[in-house]
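Straight from Swiss-Prot, the features:
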type	residues	note
MOD_RES	Ser26	pyruvic acid (Ser)
ACT_SITE	Ser26	active site, schiff-base intermediate with substrate
BINDING	Thr58, Gly74, Ala75, Ala76	substrate binding site
ACT_SITE	Tyr59	active site, proton donor
REGION	129-154	region 'Disordered'
COMPBIAS	135-145	compositional bias 'Polar residues'
Amino acid sequence: MIYREMLKSKIHRAVVRQADLHYVGSITIDATLMAAAGLWPGEKVDVLDITNGARLSTYVIEGEADSGTIGINGAAAHLISPGDLVIIVGYALMAEEDARSYQPNVVFVNGDNQLVRMGTDPAEAYDGVGLVRGDTNSPQPSLSEQAGDPRRAQ
């Protein structure tokens with residue numbers, strides 16, 4: 001059987017609120033965002049820094065719900081600083097037949113790291129942030145065109 005490592009969870013364009021070099025390691029994520037993304041404490045994630053291009057792997061620590069906390073801990077604080085925009089990505093190994101139909105949890109946040117929208121399309125660019133879709137230079141489909149997915153109605 002073939003297994004593929006697929007995108008499972010994505011928190012898009014979160015703002016790093018704190019960085020603590022002297023912590024033992026990890027990323028602290030607001031519990032509400034963790035639940036929306038389907039991330040668990042201790043789960044491995046990649047953190048992609050939009051501000052400076054750094055990429056790293058670490059594990060998740062649950063932060064206070066609805067706090068907007070995104071905190072970089074330990075050695076990663078050398079690479080990612082408060083104020084940086086990041087994408088937090090979780091993956092899952094899936095059998096090929098499951099991977100073909102799996103839809104990830106894509107979480108969009110505002111500048112305060114509060115959940116503003118959820119989706120399943122990893123190429124989606126949320127309206128109002130000045131981005132284009134990841135798979136085309138075409139404009140985003142309207143919200144009414146996207147209404148078929150109940151997770152988009154946030």
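One is the number of the first residue shown, and numbering goes on along the chain from there.
Backbone N, Cα and C define each Cβ position, glycine as well.
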Rounded Cα-Cα span from Ser26 (pyruvic acid (Ser)) to Ala75 (substrate binding site), Å
9
Most Cβ neighbours within 10 Å: which of the binding-site residues Ala75, Ala76 is it?
Ala76
Candidates Ser26, Gly74, Ala76 (recorded positions) with Cα within 10 Å of Tyr59 (active site, proton donor):
Ser26
Determine, to the nearest whole angstrom, how far the Cα atom of the residue listed as 'pyruvic acid (Ser)' is from the Cα atom of Gly74 (substrate binding site).
7
Additional residues surrounding substrate, by Cβ distance to the Thr58, Gly74, Ala75, Ala76 centre under 8 Å:
Gly25, Ser26, Ile27, Leu56, Ile72, Asn73, Ala77, Leu79
When you measure from the Cβ of Gly74 (substrate binding site), which residues in the chain that are at least 6 apart have a Cβ under 8 Å away?
Asp20, Leu21, His22, Tyr23, Val24, Gly25, Ser26, Thr58
Starting from the Cβ of Tyr59 (active site, proton donor), draw a 10 Å sphere and report how many other Cβ atoms land inside it.
15
Using a 10 Å cut-off, grab the number of neighbouring Cβ atoms around the Cβ of Thr58 (substrate binding site), all chains included.
19
Does DSSP put Ala75 (substrate binding site) in a helix, in a strand, or in coil?
helix
So the residue listed as 'pyruvic acid (Ser)', by the Cβ count within 10 Å over all chains shown, scores 18
